[in-house]
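Accompanying notes for the structure given below.
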Amino acid sequence: MSAPHAQVERADFDRYMVPNYAPAAFIPVRGEGSRVWDQSGRELIDFAGGIAVTSLGHAHPALVKALTEQAQRIWHVSNVFTNEPALRLARKLVDATFAERVFLANSGAEANEAAFKLARRYANDVYGPQKYEIIAASNSFHGRTLFTVNVGGQPKYSDGFGPKFEGITHVPYNDLEALKAAISDKTCAVVLEPIQGEGGVLPAQQAYLEGARKLCDEHNALLVFDEVQSGMGRVGELFAYMHYGVVPDILSSAKSLGGGFPIGAMLTTGEIAKHLSVGTHGTTYGGNPLASAVAEAALDVINTPEVLDGVKAKHERFKSRLQKIGQEYGIFDEIRGMGLLIGAALTDEWKGKARDVLNAAEKEAVMVLQASPDVVRFAPSLVIDDAEIDEGLERFERAVAKLVRG
């Protein structure tokens, strides 16, 4: 019999953890579907989804089953060997997308790191060492490793860690003329989020992505889509590129891919993938049997008309109610996004106060996010039911009313 867990409290974070986070005052201890309970037993409705991660809510039966069954078989073998869940997952991702090859990692940052390394390696092998420059959008977010944080182009994340990486240029998002002016035959890749998440939940314009694809083709550059947040059903298609009809050369996935279990994936073509030959890149835990089994189960549930069509319908339910709240209280001037990745942009009077909205919402037992100090973000479970949406938005409206009225 195992010993009982020692009691911990929020203050223990400040005592023992590196202070790079500022977590909420309460500690979630249990979740079921779109509801979470804290240490005191208080129940909250989850519109945050672990930052667009818990795509099927908490403790989804299919994911619990996959994890517990795999846990009784084998946990880890390293990439000296392969394993059955990883191969099944890779095959299903290939069957469902443009891709012909898959690299499995542990996170979105790792998937992006692999994507950026592959883009440079491919260009080096095919065109020569002078073709290494990467163009990305300003206010992007691609991860926290030194390479990915430099590609992201947000000084608040990249400053203070030594010299910035050379060969990385940032241009305004959705500005095709700026991209056209920046790209050259030295460009190895253009890296874009189909929807900027941390940048404020900004969807790409159709002409922008189409133009980026054309420019990449003209300059023999690879088009890389970071779909860590927008992928795996989040927008009502399995991946956002399918909504736009613009096919990338490399795509990164994570977050919803594991439904709450850590996993990332880089998807690409066979012609490009062959340039990551044996020993050029790797990961000890990437594609481990536990993570792969859970991700396979998540993919099976998400990639169905019932779930994907439901995401589109739920978007309209959220949007219409949030627009009414914005008009009633004068706090939001735009509701934007796609599917169940939604941003409520604050009015001039409330700009910079997204954290205040989050804190007010928590007091009314609903969990939301921010996507900058000016935007409140919603990224709930893809299978949240209408009753929970309505109840959660009622709580959210109470929070907004109290905040606005002081």
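Backbone N, Cα and C atoms are what each Cβ position is placed from, and that goes for glycine too.
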One of Phe81, Phe141, Phe318 listed by Swiss-Prot as binding pyridoxal 5'-phosphate at the site of Gly108, Ala109, Asp226, Glu227, Val228, Gln229, Thr284: Phe141
For Gly108 (pyridoxal 5'-phosphate binding site): intrachain residues, at least 6 apart, with Cβ closer than 8 Å: His142, Gly143, Asp226, Val228, Gln229, Ser252, Ser253, Ala254, Lys255, Gly264
Entries of Ala109, Glu227, Thr284 which, being binding-site residues, have CA atoms within 10 angstroms of Arg144 (N(2)-acetyl-L-ornithine binding site): Ala109
Lowest local Cβ density among Arg144, Lys255, which the record lists as recorded positions, within 10 Å: Arg144
Largest separation between Cα atoms (Å) of residues that the record links to pyridoxal 5'-phosphate, namely Gly108, Ala109, Phe141, Asp226, Glu227, Val228, Gln229, Thr284: 25
Pairwise Cα distance for Ala109 (pyridoxal 5'-phosphate binding site)/Thr283 (N(2)-acetyl-L-ornithine binding site) [Å, integer]: 13
C-alpha spacing of Phe141 (pyridoxal 5'-phosphate binding site) relative to Thr283 (N(2)-acetyl-L-ornithine binding site), in angstrom: 22
Greatest C-beta neighbour count within 10 angstroms, which of the binding-site residues Ala109, Val228: Val228
